[in-house]
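> Provided herewith is a single structure, encoded as structure tokens, for subsequent inquiry.
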Amino acid sequence: MDLADIGVTGLATMGRNLARNLARHGYSVAVHNRTAARTHQLVKEFGGEGTFVPSEELAGFVASLKRPRRAIIMVKAGAGTDAVIDQLAELMEPGDMIVDGGNAHYQDTRRREAALREKGIHFVGTGISGGEEGALNGPSIMPGGSRESWEALGPILQDISAKVDGVPCAVHVGPDGAGHFVKMVHNGIEYSDMQLIAESYDLLRQALGVSPAELAGVFREWNEGDLGSYLIEITAEVLDQVDAATGKPFVDVVVDQAEQKGTGRWTVQSALDLGVPVTGIAEAVFARALSGHPEQRAAAAALEGPALSGVEGRELVEDVRRALYASKIVAYAQGFDQMAAASKEYGWDLDLGAMATIWRGGCIIRAKLLDRIRAAYDADPALPTLLADPDFAAELNAAQEAWRRVVTTAVRIGVPTPGFSSALAYYDGLRRDRLPAALVQGLRDFFGAHTYRRVDREGSFHTDWSGDRAEHPA
Ligand code: NBP
């Protein structure tokens, strides 16, 4: 029997499309699914697209792979992944590779990698973004794991990934959980992108009284400029959609409670542990949570808003465009800070510019802005914050007055814009010469003797607040 180059186990939407993508690129692909019907269905429907080697049992699947074996798991993240890994590990040999392409938590990936390393098996936690379309036609691929495994897998993954200007959207991200971490932050940024887009739509619609269809035109125009991105492009599509049953705009017949699968929440949880303020992502997660409490929203209906409900003039459209772009820069800067912090914490040595490169195609946040981020890290790999890059700083400086007008207008007419507002607060916080954190330190010292540092001397100090209020070195 001819052995397969690579295998995929878990043939639901993602796994099936990834297997087809591999086959279409000329690789022979071993395929397996817990429920064999999916395996047979794949071969029946798409067998003509390339060489598939189907197996009903996992043992047969492993036996059908060339050595060292390369097996991709595409099953529902969680207990299922552990179950499949355990079964595969029993059947595999040192030097073989298990790739988890599911949306695993990076700490699970670190745990799994360490356990399999003991057995000499390479575990490659791999973020894959782009949904079912991306899996089939070219996703953005973020593999973690050993350098050795990248040498065996990299060419294949780059082959099937999206390409932008001929550059594959797949690089070796770093060891153990690095790939899944970067995918998690990608998803977190995706949350904030969507929140900012939603706020732009909401504010313009409420303030100017324009229709979703008119706003579709605005987003279409924006997509031609600096904001150009997949999410802006599909916003125009969704806003243009008319509900066939009622003739109403599609957005007006959808229940306004945003759901989440959890990667945004993971991003914020990790950011809290790392001490990185990812306010853009956090506000997006919380805005979804607020939307999902209809009972509280109904109970709050008695709360009053301002008398003013709209504004005159179309200047707001350009202001919102600028505020959206500025807030987006902040959200991306925060996400990149989080990756930098994790890189330091876990010794991953992440190349931040490369992360911007692999997000340019295949994935959901693909945006023109990423080219600019790449350029900023090329110019200064040790950039303390993207906001300090001279080009971004110039753009933020040019946008900040419009940004303030947008937030002010939103407050005046009572439209919530947590994304815009918190991004602006972050911007103002970073650029401040002195922050009120000094007072916070004073309070901490007062009630808890937590000590403080002085601006004019080295060392830590404590003031005897309950006694003579004299200062002593701590
Ligand atoms: P699902 O997440 O819906 O998972 C279904 C697959 O998992 C089926 O093949 C199922 O087998 C298998 N499975 C389960 Br459930 N429990 C199992 C177990 N204990 N042992 C073996 N197999 C088990 O599939 P998907 O939407 O294709 O996503 C696959 C992975 O890719 C997930 O981790 C997902 O988070 C990730 N991902 C999805 C997207 C997306 O856009 N959908 C994007 C990026 C990443 P069965 O057929 O026998 O039930």
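The chain as shown is numbered from 1 upward.
Cβ coordinates come from backbone N, Cα and C, glycine included.
So TrEMBL has the following annotated:
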BINDING   G10, L11, A12, T13, M14, G15, N33, R34, T35, V75, K76, A77, N103  NADP(+) binding site
BINDING   N103, S129, G130, G131, H186, N187, Y191, K261, R288, R444, H450  substrate binding site
DOMAIN    179-466  domain '6-phosphogluconate dehydrogenase C-terminal'
ACT_SITE  K183  active site, proton acceptor
ACT_SITE  E190  active site, proton donor
> Among G10, A12, N103, G130, R288, which binding-site residues lie by ligand 1, judged by Cβ under 6 Å to any atom?
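Once distances to ligand 1 are taken from each Cβ, G10, A12, N103 fall under 6 Å.
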> Roughly how many Å lie between the Cα atoms of N103 (NADP(+) binding site) and G130 (substrate binding site), rounded to a whole value?
12
> What Cα-Cα separation, expressed in whole Å, is found between Y191 (substrate binding site) and the residue listed as 'active site, proton acceptor'?
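Between the alpha carbons of Y191 (substrate binding site) and the residue listed as 'active site, proton acceptor' there are 13 Å.
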> Rounded to the nearest angstrom, how far is the Cα of the residue listed as 'active site, proton acceptor' from the Cα of the residue listed as 'active site, proton donor'?
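Rounded to the nearest whole number, the Cα-Cα distance is 10 Å.
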> How far apart, in angstrom, are the most distant Cα atoms among the NADP(+)-binding residues G10, L11, A12, T13, M14, G15, N33, R34, T35, V75, K76, A77, N103?
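That value is 21 Å for the farthest Cα pair.
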> Please give the greatest C-alpha separation between any two of the substrate-binding residues N103, S129, G130, G131, H186, N187, Y191, K261, R288, R444, H450, in angstrom, as a whole number.
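Largest pairwise Cα separation, rounded: 49 Å.
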> Non-local Cβ contacts of K76 (NADP(+) binding site) (under 8 Å, 6 or more apart, same chain)?
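Result: G10, A12, G102.
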> Of all the recorded positions given, K183, H186, R288, H450, which has the fewest Cβ neighbours within 10 Å once its own Cβ is left out?
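Least crowded of the recorded positions K183, H186, R288, H450, by Cβ count within 10 Å, is H450.
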> Judged by the number of other CB atoms within 10 angstroms, which among A12, M14 is the least packed of the binding-site residues?
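Across A12, M14, these binding-site residues, the one with fewest Cβ atoms within 10 Å is A12.
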> Could you state the CA-to-CA distance between K183 (active site, proton acceptor) and G130 (substrate binding site) to the nearest Å?
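Roughly 11 Å, rounded to the nearest whole number.
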